[in-house]
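Q: Once you've had a glance at the structure underneath, I'll fire off some questions.
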Amino acid sequence: MPDADRREMQEEGFLNHMADKEQGPLPGRSNHAGKLPQAGKKLQEAVCVLLVELCERFTFFGIVCNMILFCTVKLGYCSYQAAMVNMCFVGTSTLTPVLVGWLAEYLVGRVKLVCICMFLHFLGTALLPVVSFPFEDVYIDRRHILHTLPKREQKIVFYFALLTASLGIGGIRAIVCPLSAYSLEDCGPKELLSFFNWFHWLVNLNSAVVFVSISYIQQSVARNLGFLIPFVSGLMAMITIHMVRGEMIYKPKTDSSLLTTFGVIFSALKTCCVRYRYFGTGVTNWLDHAKENHGGHYSETQVEGTKSLTRLFPLFAFQILYRTCIMQIPSGYYLQTMNSNLHFSGFVLPVSAMNVISIVPLLILVPILECINSWLFSSKDNGHSPTIYIVVGHLSAALSVMVAGFSEIHRKRFPQVEQTLSEEVLLVSSMPCFHLAPQYILLGVAEALVTPSCSLLSFWLVPERMRGISMHFLALFNGAGCFMGAFFVQTAHAGTQGNWFPHLLHEGKLERFFFFLASLMMVNTLGFWTIAHRYNNLHQDCTNEFRGCLPGEKLLKHGKAIKHYSAVLESSPILSPVEKI
């Protein structure tokens, strides 16, 4: 009897907690700052968060846009090494929000950690000009001997700056600008897809401005001072955080965590192996072995939430190779553009300006997709799913890499000419760089279709308490795609003795690397197409079945039904006092 009483008390406490949670104010924001109306306060918070997000992305794209040119010309790296450094930095910046989010939840307070990350971001963006600044133009002693920073120390400072900047970027994305800060809990699939579409539209519009302005400043106007612009942009983001720090530090719900999810998976695997070996299996799902009533250490709520998340793992896994293809823009495509003729009407185009060609299709397609989605979601008989967008986007990415291979063959047929980039004279193909536009356009179309759709499925097809964890796992798999791209480059260079990813493109066969990657992406597209039916219906009843009904939600609905029934009995004039009793 004591166990039964304790269980009833726990259920009653959970019902009261959930009911208070529904009736109470929106969690995660401090209520001490404000005489502003609630609507004005939310608008101010959203504008501030978006402003910091744009400033952070400004610094990120400012660092990435000409890193390959800086590594090859200033640091003396080979082309494949510069491409690997760029992809590893992007991958690290993608993974650090997951790490910083865990640190903020368990080890360090959110306010302390955001201050640390702001300092790291400031330090990293301030050290980058130290690497690129021309010391030989400044420090001249009485004997007129030029003092230069040695290459070894220059590389150490460069890598340290990239590491600290990526940690700072992770802190800003995880603590100040998490997806939960935009209050998307009550949005349906149509509103969520619209939000993700316009959010990525704004981010890409910001990146287009960065690629045009910063790349030109770094390459032409003030080559060695170009990294000061990320520093100034980072300073702007820190000032913005300081001005509204009481309203921007979002405190997410602590119902679930990344460690709990990994713990459920490892506990289930361990118990499943032991029971399969000695006793056999007696559960419908292998994750049920982690439940307390099956010998595990986790509650039914935690296990059911993890089960709904693991159903998305095939979707996440098929994004790894897609992300590897997307990473060709700051690596393989960049090298092709750098080795093409950049002169246009007497003007030398910045290398990163070609990235704008991949952004233009996204800026055009988002309003068109909004109209299409409004029409598709208006149908009540058929739950529209964006899986078809993902399939078409994957196919577009595969075609883009294939076109890049043919463009490389076409590029090498042109005679070589001399071209000056960052005061270095390079032998490049005389083919105009605009001949590479189709491959950029196809990848831009892929991004417009895939990224918002994957974000919607990752956010919508899990219980509300698991949405932050789901987006963390999507970031983990996207980061894995970046590092896989670096691994492919290293393997292709080492396995073919520099033939498939050469330092001088006219001396190797870079097109073979592109054809190999395109074939893998085509297989990846077919693989996702075979499982896309699992995520086809976004109706509320179907998604509830996909997510699974958590015990807490069952108790809450049961408690509401009892309260409603009791209220009906008490207020009904037909029943006699005896019947009411």
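These residue numbers are counts, starting from 1, taken along the chain as shown.
Each residue, glycine too, has its Cβ placed from N, Cα and C.
Just so you know, TrEMBL annotations are computer predictions that nobody has curated.
Copied straight from TrEMBL:
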type: TRANSMEM; residues: 58-77; note: transmembrane segment
type: TRANSMEM; residues: 84-104; note: transmembrane segment
type: TRANSMEM; residues: 110-135; note: transmembrane segment
type: TRANSMEM; residues: 156-176; note: transmembrane segment
type: TRANSMEM; residues: 198-217; note: transmembrane segment
type: TRANSMEM; residues: 224-244; note: transmembrane segment
type: TRANSMEM; residues: 312-335; note: transmembrane segment
type: TRANSMEM; residues: 347-366; note: transmembrane segment
type: TRANSMEM; residues: 387-406; note: transmembrane segment
type: TRANSMEM; residues: 473-493; note: transmembrane segment
type: TRANSMEM; residues: 513-532; note: transmembrane segment
Q: Which sequence positions outside the transmembrane segment (387-406), separated from its termini by at least 6 residues, show Cβ-Cβ distances below 8 Å to it?
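A: Distal contacts: 318, 322, 325-326, 328, 332-333, 336, 369, 436, 438-440, 442-443, 445-450, 452-454, 457, 511-512, 514-515, 517-518, 521-522, 524-525, 528-529, 532-533, 535-536.
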Q: Are the transmembrane segment (156-176) and the transmembrane segment (347-366) close enough to be called in contact, which here means at least 3 C-beta pairs under 8 A that are separated by 6 or more residues?
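A: Checked: the transmembrane segment (156-176) vs the transmembrane segment (347-366), no contact.
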Q: Hey, which bits of the same chain come close to the transmembrane segment (312-335), Cβ under 8 Å, at least six residues off its ends?
A: 64-65, 67-68, 79, 83-84, 86-87, 90, 351-352, 354-355, 358, 393-394, 397-398, 400-401, 404, 436, 439-440, 443, 446-447, 450, 454, 457-458, 461-462, 470, 473-474, 476-478, 480-482, 484-485, 488-489, 501, 505, 510, 513-514, 517, 520-521, 524, 527-528, 531, 534-535
Q: Using Cβ atoms and a strict cutoff of less than 8 Å, what residues sit near the transmembrane segment (84-104) while being 6 or more residues removed from its termini?
A: 60, 63-64, 67-68, 71, 77, 110, 113-114, 117, 162-163, 166-167, 169-171, 173-175, 178, 257-259, 327, 330-331, 334, 468, 472, 475-476, 478-483, 485-486, 489-490
Q: Cβ under 8 Å to the transmembrane segment (473-493), counting only same-chain residues 6 or more beyond its ends: which ones?
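A: Answer is 80, 83-84, 87-88, 90-92, 94-95, 97-98, 309, 312-313, 316-317, 319-324, 326-328, 331, 454-455, 458, 500-502, 513, 516-517.
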